[in-house]
Amino acid sequence: MTGTIYERSCLSFYRGCLWKLLKAQGDDCISPHCAVFNMGPDVPLLNDYKQEFFWKRFPQTVLGGPRLKLGYCAPPYVYAHQLVLFLTPWLLGGVGTLLYQVRLLDDAGAGVLSGVLMLAVGAALQALAQRAARSTGAVQRLPAANNILADEEEVEFTNCVAPETVHFVVPGKRFMVNVILHTALAGVLCGLGTWYLLPDRLSVVYADTGAGLSAIVPVFALSWVTLCIGEYSLIVNTATETATFQPQDTYEITPLTRPLYILAFITVDLVLRCSGGGVAELRLASQVLHGLFVVLPLLWAVGMLSPLDALLLWTMEQGLLHALGGSPMATDCRLVLMFLASICVSISAFFIPSSLGVVLFTVAMGYLLSQDLTQIMVLIRGTQHEPSPHNPSVSLGWWALPLSLLLLAGAMTEAGLLHQLYPSPGNLSLSMGTAEAWAWTIDAKGPQAMVGWLLIALFVVTCGLRKLQGACVLGGLLLNPLYPRQVSSVQAFRSKSRGLRAAGRVRRVLLNLVCPLTMIAFLAMDASLHGLRSVSLALGTTRAFRAVWQSCEDALLQMAVVVAVRLAAGEATAPQWHNLGVGIQLILVSLASDRLSQFLAKLRFALTVLVTSWTESKQRRQAAGALLALNGALCPLLLSVVLIAALLAAPLLPLFTLPVFLVGFPRPRRSWPGTPGMACPCPDSVYYQQLSSRLAAALSGALADGALGSCSPGSHFLCRFQDRVVWITVLERGYGYWTINIKGLELQETSCHTVEARRVDEVFEGAFDQLERRGRLRRFLNPHWGNALTPCSALPVRVYSDARNVLTGIVDSPDHLRQLRSDFLKTMVWVLLRHCLQDKSCSSCRVKVHSVQASGRKSQSSQHGVLDEPGPGDAKTGAASQGSPDSISSSNLRGQDSLSLSSFADWSDEDDLFGPVPARKPARMIMVRTEVGYPREELGMSLPGAVEIHSLYENVALASLPTLRPLGLGLGLPVSDRGKDNQLPASPTTTTYPQPLRFTCPHSESLSLAVAWRAAPLPTSRLQALRAYFPEDWFHYCLSRLAGEGFWEGDPEQVCRALQQDQALKEMYTQVALSCAVALGADAPVPSPSMLFRAYCGDAPWPDGLEGLRANEELYQLTLRAFRYSVKLLIDQVSLGPLESLDEMYTTLQDYHINWFIGLATERGWHDAILEEKPFLFSLGHDLTMGTYTGRVLSLQEHLVQVGVLNEEGVRGQWANLSWELLYATNDDEERYSIQAHPIMLRNLTVQAADPPLGYPVYSSAPAHLGCL
């Protein structure tokens, strides 16, 4: 049955719920079919419903589509229809075979007849399916739809030819193009299959083997079963394949998979027939393929054969890597384009008549193709990342292009001269035998031999320098004694690793300049280039000169092996080997070295799974002992499976991550389709987004120096810093560049995530801290050698350090809270003055940036560069700030003071036993007020009442909490006695705009505030009582500092004196500052902690006055910023000591404004500040479970980020199982066995790092280009 993976997953979920419901009701008619999946009492491999679902799907996959096992009762004719359609190709092919056997038709005629008959049957079936689809789409049967307990797959059959019956048996195609294509292909497949399986043809193929009729008959019968399976999946119904690469089959490619594999087998026989049968190799291949043709259904069932899209990409990747000298590419589009370009270069080299022209052409094209041509503009400008003095990278700007051309010209000149001078074509007679020519070229005293010795020496030196820089040696078994350990700071690490960095610089020069020129010299002097022009010579030469640039380290290893073999042969000759030429020899060595490394990595992964299934107590299942014994008894079979997986470059698939190994289907090294960069974003993604750019810059130098080992495309690295886990995948490599993908895993650690993250920390601690252990040898042994993670290096990266503190005794102490009113008024005055002069300073560019002096106040900060920061509170002026007088004074129509406003200063809760006080209004009303009073862009990130909570109720707004609360939770709120409102004396209120102020200083106009800000709807009696608290000295000091900074023209002393004597200016700032303090509730002598916290969050519980303040959006944001500054100032004074002077306070507020973001972690400003790399960020939170207030500080500093390399084949194997388990078995249970924590294999982290929709990284970067010269 066709359908998307998403639809099948939903179907599986609902059917699972149905089964559990029936089981709870005692229905015994549905039960698990097999207990083999419940191998232990702990976590099942497949839940009960998934077992039933699997055993219905798997027979359909084996047979190619017939659904002979349903979860409900179906009429017999449904099964009969499917059986007849399954055997139809055999019946039609039998007609042609019978006519051929009685000699009425020849073999070609028999095939044509069977093909035409199958074409007619296929066309009739598709026409019938299209008609049935239209009928079932127009008619819906209500009884089945109204039965909520009915299986969604259940179909109500009425008769054997009803539309629903036809649609069930033959679902049809979605696209008319596929109807025509698949029908035509079905006819061709049946015709060629009939010719391929003629008994006489089978007798001819196996004639020289002595096989009799008893051996040919089973092959004939089983081969027709294979052909029927392919025809059914193509023209009738397509089964879900175990080898699934794409989550959705949008273009109906899956039906073509099995028929095209069958046609590939038949093609070999066609070539053999066209060649006359005289080619022994083709005859042998035909015999082998006829035998494999019988077991094709088994290979399809276990998922060893790739889908067409994965097969095409894998073929191009392997050809580009080994035959054309390229590299696996970062995206599918780049892979296709690079493969076609490389093929064109090889074809062009074949048609060049001169060997000198071939050498020069291949050297130039190899250099160009090894570059990332999409980064040509970056090549001109220089590298993407900013170079640092400790991690330099070449940034040549416009000089990069001419220097690259100069390097290419030098390489071409060297190759041309050496090719012409040695060996001389005149000295190499064409009549000379091949063995004699090769004996002359391997002269131990010749120039090429000397260059060969130099290549071996360069390989040893570069390999040694690379091993010298790593934290571990010998495959992670031993710790490098030269690597710095137990360092407490980045400076100490750099000081101790100075020698290692020098070794890395030497290796970088050798690998990027000396080695390519030396290898080009060796290749240019090779005698095989003077041979006759051939396809193998063109292909080998193109590949050899391309690999020199594309992958210099691998090419150096391969060339050293070829040179060693030549020198070891000495006088002896090996004609078969030497006749190949150096280009083909390098191709074979490349294949052998790659497959050998894959075999060793897969074998290590298999041993890890086997051993840990018993040694890890939490991984030991009931059948663990039996599986170990079975693997031990079938050890040759296990080694064969590992060997086949290595030869095919396919992942070794541990079924359910148990020691039951299968060969996964070959796929690209990226393991996933599409372009990297998909993620499941969340608020924590911003931390990885900031980290990725800095980490990429650090990785650039580490990769170039070799500190991370020999990194090839497909390698995986794991980085750890505090609670952040970064997954890095190498996608592509070329001359002087790498392309990587950086993923960030979730910060909200689950239990499984925590277990594996703790083990990662232990692995890094064992390598980088090296705790003292007894014994000389044990000191250098890696205690976690068997782990999938091998430590490589520690990289200095500029990253945010997250510190969380409990503020008990600070924000809940009455002694400290008494200072809040004074600090707020001072901060409010400073914020208003800075806001008024900000526009003028930006336009005139006369702002002077002042760094924090060493003797001044430093608020938990180190010496950082000054950054321009308008601040999150600098909101744009909205329409609300320009309101009319009526709207401003509408809230004061009562003509009397509100008791709650006039008495809130006397009511405070110094104990605050029950945490923050919820608002009086219902949650629904608060949400309505929020939507009206806040701009759209801040909804969701900075909602009033949004509370940062690091506990069970994290990211829960107080306004959304239930209204039920413990007794006494209302302490701290002002008391309002509604019954006595009319007994209060009335006092005048401000109901109109104040008269325009007359400034005595001409410079006061630049400090004038908006008229609407001075028309606060507050009682004048309240403001009059607070005038004594206005910080007049601080106001005059701020004016003097601003005058000294050159904001106004003229003598600073005279300007300052004039401003200080302007009483109208002081009156304006007094009225605005005090009204904001009253509206926000900051005028209380001792505010309660709950009031402080809610006001900090922007959800103060005082309705009177606050609504008027919120009507002026810009003033409200400035007030909120000032209050947050004052809270931060309060905390700093308690932690670091009180302020000693006005100058120190002014410097501190400047530091807040420039280097800090002070707000909430849920706000948009927090996200933007991290991306802008603000030096410090502060957030205030509340833990409801502990009843404590918390402070969170992010500081941007350089820290050591630890990096380790993962077993590449272990990652590919687990991802292959994940793909099979979710896309085929639809086992999406969040508590399934294969996602549980595994401290050795890091199974949970590996699953998280997979690409969506199977994995769930919270951040994934686009393919990042790293310049690594």
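Here the Cβ of each residue, glycine as well, is placed from N, Cα and C on the backbone.
What TrEMBL lists as transmembrane segment is 77-102 (among others).
Look at TrEMBL and you will find 108-128 (among others) tagged as transmembrane segment. When Cβ-Cβ distances below 8 Å are used as the criterion, the transmembrane segment (108-128) is approached by residues 85, 88-89, 92-93, 95-97, 99-100, 166, 170, 172-173, 179, 182-184, 186-195, 198, 231, 235-236 of the same chain, each at least six residues removed from its ends.
According to TrEMBL, the feature transmembrane segment maps to 175-198 (among others). Long-range contacts of the transmembrane segment (175-198) within the same chain: residues 89, 92-93, 96-97, 100, 107-108, 110-119, 122-123, 126, 130, 220, 223-224, 227, 230-231, 234-235, 251-252, 255-256, 259, 262-263, 265-266, 269-270, each at least 6 residues beyond the stretch ends and with a Cβ under 8 Å from a Cβ of the stretch.
Summarising the annotation, TrEMBL assigns transmembrane segment to 210-229 (among others).
Outside the transmembrane segment (260-280) by six or more residues, the chain places 188-189, 192-193, 195-196, 201, 204-205, 226-227, 230, 286, 289-290, 292-293, 296, 305, 308 with a CB less than 8 A from a CB of the stretch. Annotated transmembrane segment per TrEMBL: 260-280 (among others), in sequence order.
Among the features that TrEMBL reports, transmembrane segment is placed at 292-314 (among others).
Feature annotation from TrEMBL assigns transmembrane segment to 358-380 (among others).
Using a Cβ-Cβ cut-off under 8 Å and counting only residues 6 or more beyond its ends in the same chain, the transmembrane segment (401-422) has close neighbours at 355-356, 359-360, 363-364, 367, 379-380, 446-448, 513, 516-517, 520-521, 523-525, 529, 545. What TrEMBL records for 401-422 (among others) is transmembrane segment.
Per TrEMBL, transmembrane segment is recorded for 637-663 (among others). When Cβ-Cβ distances below 8 Å are used as the criterion, the transmembrane segment (637-663) is approached by residues 39, 45, 302-304, 314, 318, 594-596, 598-599, 602-603, 605-606, 609-610, 613, 621, 627-628, 631, 671, 1209, 1212-1217, 1220-1221, 1233-1234, 1238, 1241, 1243 of the same chain, each at least six residues removed from its ends.
Per TrEMBL, the feature compositional bias 'Polar residues' maps to 853-864 (among others).
The region 'Disordered' feature in TrEMBL is assigned to 853-895 (among others).
Taken from TrEMBL, the feature compositional bias 'Polar residues' applies to 879-895 (among others).
Marked as region 'Disordered' by TrEMBL: 975-994 (among others).
Residues or ranges marked as compositional bias 'Polar residues' in TrEMBL: 984-994 (among others).
Taken from TrEMBL, the feature domain 'Pecanex C-terminal' covers 1121-1261.
In the domain 'Pecanex C-terminal' (1121-1261), the DSSP tally of helix, strand and coil residues is 64 helix, 33 strand, 44 coil. Restricting the average to the domain 'Pecanex C-terminal' (1121-1261) gives a pLDDT of 93. Among residues of the same chain six or more beyond the transmembrane segment (292-314), those with a C-beta under 8 A of the stretch's C-beta atoms are 58, 61-62, 64, 218-219, 222-223, 225-226, 229, 241-246, 253-254, 256-258, 260-262, 265, 332, 335, 649-650, 653, 662-668, 673, 1220, 1224. Under 8 Å from some Cβ of the transmembrane segment (358-380) lie the Cβ atoms of residues 325-326, 334, 338, 341-342, 345, 348-349, 352, 397-398, 400-401, 404, 408, 411-412, 415-416, 419, 520, 524, 529, 538, 541-542, 544-550, 732, 734-737, 739, 1265, 1267, all in the same chain and six or more residues away from its ends.
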